Amino acid sequence: MEDQISSKNPDQAEKPTNEKPSGVNRYALQCSIVASIVSIIFGYDTGVMSGAMVFIEEDLKTNEVQIEVLTGILNLCALFGSLLAGRTSDVIGRRYTIVLASILFMLGSVLMGWGPSYPVLLTGRCTAGFGVGFALMVAPVYSAEIATASHRGLLASLPHLCISIGILLGYLFNYFFSKLPMHIGWRLMLGIAAVPSLVLALGILKMPESPRWLILQGRLGEGKRILKLVSNSPEEAEIRFQDIKKAAGIDVTCEDEVVKMENKKTHGEGVWKELILRPTPAVRRVLLTALGIHFFQHATGIEAVLLYGPKIFKKAGITTKDKLFLVTIGVGIMKTTFIFTATFLLDKVGRRKLLLTSVGGMIGALTMLGFGLTMAQSSGGKLVWALILSIVSAYSFVAFFSVGLGPITWVYSSEVFPLKLRAQGASLGVAVNRVMNATVSMSFLSLSRAITTGGAFFMFAGVAVAAWNFFFFLMPETKGKSLEEIEALFQRDGDNKTKGQNGAV
């Protein structure tokens with residue numbers, strides 16, 4: 001792809017194309033798909049662990065607490081990875097940050113595939129966790145910065161779609177590798193992810209860098225050439241070029257190939273101060289909204305179903321491993337199908353309507369799942385209707401989550417931050433996301449013992465009610481707006497008085 005950029009004559013790029021302005025730019029789509037492949041590897045690791053833990057528990061003689069730590073440690077390490085990822089991507093660029101995430105995945109997968117003991121397995125899981133932190137932050141940001149306003153929802157949601165594809169692949173590999181001898185099966189489940197990680201680390205070098213990052217570094221010529229490739233017309237590319245220069249604090253009339261960014265912080269210096277210590281009112285509202293949506297994405301319990309599906313369905317009345325894995329594959333199919341549907345709805349229906357509908361459906365599904373599991377457990381798993389209700393409710397919960405809250409979290413949080421604050425703002429959102437993921441994954445089994453599995457899902461339903469109200473009152477619609485226009489959505493009367501104190505907005 002990089003060769004494609006350098007070999008195209010700028011004069012040729014200026015010729016009008018027959019592509020409609022409303023169409024998806026194929027080159028931008030290709031770039032986003034390649035960037036999102038790193039999310040498939042993360043999704044696979046999440047999905048495959050739900051089955052691998054069943055065999056690890058038997059093979060390595062681990063207890064429930066050790067299993068909770070093993071599943072949750074990935075997210076704790078991802079927390080630190082995500083905090084490092086924002087500054088890293090500001091310094092070395094979005095593309096090389098994706099390469100770094102792929103290398104960390106590869107090292108973690110090799111250690112887990114070897115896995116002679118619990119400590120080694122834990123080390124591999126933690127190494128992969130750092131890769132998760134980098135991947136979750138940089139893939140949506142890269143896709144959002146490549147995309148045009150009219151199709152940013154589609155392209156920025158691709159990383160989450162790829163996570164779901166990875167989860168489904170993990171469930172499928174669980175089923176097939178479960179036929180192998182136990183000590184080989186779970187190691188292959190975890191270790192095979194090293195192969196696509198290595199391929200991605202090499203292949204991603206053919207991708208172009210984010211044009212917004214290049215322009216922020218003062219590399220205007222490179223940025224403009226890439227914009228011509230990822231825009232639907234030369235006119236659109238020019239408009240985007242001028243908007244980005246303005247947001248970066250560069251004179252809009254400047255047409256130099258390279259501009260020295262004197263007295264400008266282009267590598268993320270001072271961003272934490274502008275985000276947390278002295279934010280403008282508009283940035284404070286952006287931060288609250290972005291962190292809030294990340295908090296509720298996992299506080300509503302999706303990780304409980306994705307990671308502990310086999311254990312949940314076992315309590316509902318399914319006993320054989322084959323049937324448990326097959327029912328869990330259904331979870332992966334539902335998740336992938338509805339996220340795929342969401343990618344086409346985001347730019348038509350809008351983020352806000354889809355999100356409120358999604359969370360409303362989740363409230364009903366979680367309530368029914370709590371009721372079904374409570375009845376199934378009280379009968380010792382003998383009530384067929386309770387088992388069916390539990391399965392249907394779990395599938396419905398995953399479907400409603402996947403059509404709204406799942407992908408919108410990543411799309412919304414990657415587009416609302418101003419250019420200067422975007423990378424590290426997004427990394428802070430990922431940090432909150434991983435904390436909540438770790439909290440649920442490391443406490444669900446203990447919580448189920450304390451208040452029953454059904455009670456845990458009633459609790460998640462209550463959290464979903466709070467989430468619906470948060471989104472209703474605090475989230476403006478961003479559909480169809482450029483990244484530079486979105487900044488104005490969070491400004492209110494009186495904000496201009498403080499604007500001069502902080503150059504972020």
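The backbone N, Cα and C atoms fix where each Cβ goes, and this holds for glycine too.
Remember, it's a predicted structure, so these values are computed and weren't measured experimentally.
Annotation comment: TrEMBL describes 1-21 as region 'Disordered'.
What TrEMBL lists as compositional bias 'Polar residues' is 1-10.
According to TrEMBL, the transmembrane segment annotation covers 27-45 (among others).
Annotation source TrEMBL lists domain 'Major facilitator superfamily (MFS) profile' at 31-479.
What TrEMBL records for 65-84 (among others) is transmembrane segment. Panel annotation: around the transmembrane segment (65-84), residues 45, 49, 53, 56-57, 104, 118, 121-122, 125-134, 136-137, 307, 427-428, 430-431, 433-435, 437-439, 441-446 of the same chain, lying at least six beyond its termini, place a Cβ under 8 Å from a Cβ of the stretch.
Residues or ranges marked as transmembrane segment in TrEMBL: 96-114 (among others). Proximity of distant same-chain residues to the transmembrane segment (96-114), defined by a Cβ-Cβ separation under 8 Å and at least 6 residues beyond the stretch ends, is recorded for 35, 38, 41-42, 45, 81, 85, 88-89, 120-121, 123-132, 134-135, 137-139, 142, 187-188, 190-194, 197-198, 200-201, 204-205, 207.
Distant neighbours of the transmembrane segment (120-142): 31-32, 35-36, 38-39, 41-42, 45, 56, 60, 69-70, 73-86, 88-89, 94-95, 97-98, 100-105, 107-114, 156, 159-160, 190, 210, 410-411, 413-414, 422-423, 426-427, 430-431, 433-434; these residues of the same chain sit at least 6 beyond its ends, with a Cβ under 8 Å from one of its Cβ atoms. Annotation comment: TrEMBL describes 120-142 (among others) as transmembrane segment.
The transmembrane segment annotation in TrEMBL covers 154-178 (among others).
Summarising the annotation, TrEMBL assigns transmembrane segment to 184-205 (among others).
Marked as transmembrane segment by TrEMBL: 324-346 (among others).
If you look up TrEMBL, you'll see 358-376 (among others) marked as transmembrane segment.
Here TrEMBL flags 383-412 (among others) as transmembrane segment.
Within its own chain, the transmembrane segment (450-474) is flanked in space by residues 285, 288-289, 292-293, 296, 299-301, 304, 312, 315, 352, 355-356, 359-360, 362-363, 366-367, 369-377, 405, 444, which lie at least six positions past its ends and keep a Cβ under 8 Å from the stretch. Among the features that TrEMBL reports, transmembrane segment is placed at 450-474 (among others).
Looking at which of 27-45, 154-178, 358-376, 383-412 has the most CB pairs under 8 Å to the transmembrane segment (184-205), the answer is the stretch 27-45. A Cβ distance under 8 Å defines the sequence-distant neighbours of the transmembrane segment (154-178), meaning residues of its chain 6+ beyond its ends; these are 24, 28-29, 32-33, 35-52, 55, 135-136, 139-140, 143-144, 146-147, 185-186, 188-189, 192, 306, 321-322, 325-326, 328-329, 331-333, 335-336, 339-340, 342-344, 346-347, 402, 406-411, 414-415.
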